[in-house]
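Asker: I have a structure here, written as structure tokens, and I will follow up with some questions on it.
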């Protein structure tokens, strides 16, 4: 089958012949030759159009809220703008509009879309529902499927704990993953959360709708128990805050050991990332999320349509297997079910998911037809190093140092996340080896065509470690470059000081000459006028000197006091004791 650029642009991948990420480069022909699923494409287009239309409806309210929050007289320009507007500050939209704005960016929990997938031998089922109907899905699940609820109710095999891959006292695997979101979307969500959550008058209305649509028997009581256990309010904003896109500068959440040890937002304005200065990653924001506590809403896989993926709404991501890990897994096992698994166990699925998320973001699935994160940072670091040798300009050095520090902070945060991933994968590898040995001892044969848990973990650990080592080298290289920049600028400042000293000497000589000849010029001009008294008045020269001399003295005194005001204030307010050596 001949694949053209038009085909690739239009084709929405179907579930036929979807290779795993580890095999994507070996089976690249299958990756690019998949055909469109018309029904899936229609659903995707419908979601996209509905989201874009709602986004446009909410934009005026969002702009009004931002203008209201930014209002204030801070500078002379703000004061002039305030005067020109007729002494009127921006007004907030109505409460109804604010509630609609909050619901658009942070939907009530019972309206959240839930993807329910069941995998069996050569079969699977997948459908969408809402969180308010999730218990009904558990009750109506296929006979051959088992749900998470069954595990908690001891209705089936609970699986084996990950003693080394998990943390102390918590034998479940978790990881801090990285993906990309649109900078505009991240900024809008941050504005809505940081502004509207502080409007106390909106809390009663939002709290009232926070659990609307809950048709579950036990979910509300479970949430109430959790709120009581944590001594936390069960309000709207406390329930939706996990949707907040976190920034790298706000730390990482993996291994914090509880809800209260998690992340908290710092400010409204999102960080300026040096990675976003790269042409490929322009308008994107690299963010982190804890896989067990936050939704994986972002672009995981990088290819040449990266910009297009950034514009897609969050709820459409699971439908895009070219951009989303969840979408890839849904398509990969859509027809084969568990028949392609090495072992048909919940542990194998958990390991597959954690390794797939842990290795992202990468460019493997589409044959490295995009710029990787490592390659982008290499370009950014090289550009920063090159700018060290630019001619000195006023304030340019300060700007350059800030960019250095921003890039170093980014690399430090990413390396910390990657190092925790490597540590987790090393422990997970021990668990997988123990489980494989246990299965072999029970004479349970695995599927030879499927990748074992050990294969998956070793692949992910190698990929993550390579990223970590490369970015760590960039960080060290950038720190050395910044030290060299400081030394270079110090040498330049010394040379400028020498030049300034020469200029000061010339000015000193000129000043000395001026001090001598300026009074001489004045007095020779004054006495050379050959006049008696002041013209057209009866005042004499004594009056002239009383007035002009007093004014001149007061002007000189005012200038001297103003020039040394800080030193004089310190001397007057904090006099030095006579017995103190200064």
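Cβ atoms are placed via backbone N, Cα and C, with glycine included.
Unlike curated records, TrEMBL annotations are generated automatically.
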Asker: If you look at how TrEMBL annotates this chain, which of 488-505, 506-523 comes out as transmembrane segment?
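Answerer: Range annotated as transmembrane segment by TrEMBL: 506-523.
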Asker: Pick from 455-476, 543-564: which range does TrEMBL record as transmembrane segment?
Answerer: 543-564
Asker: At a C-beta cut-off of under 8 Å, are there same-chain residues at least 6 beyond the transmembrane segment (506-523) that contact it? List them, or none.
Answerer: none
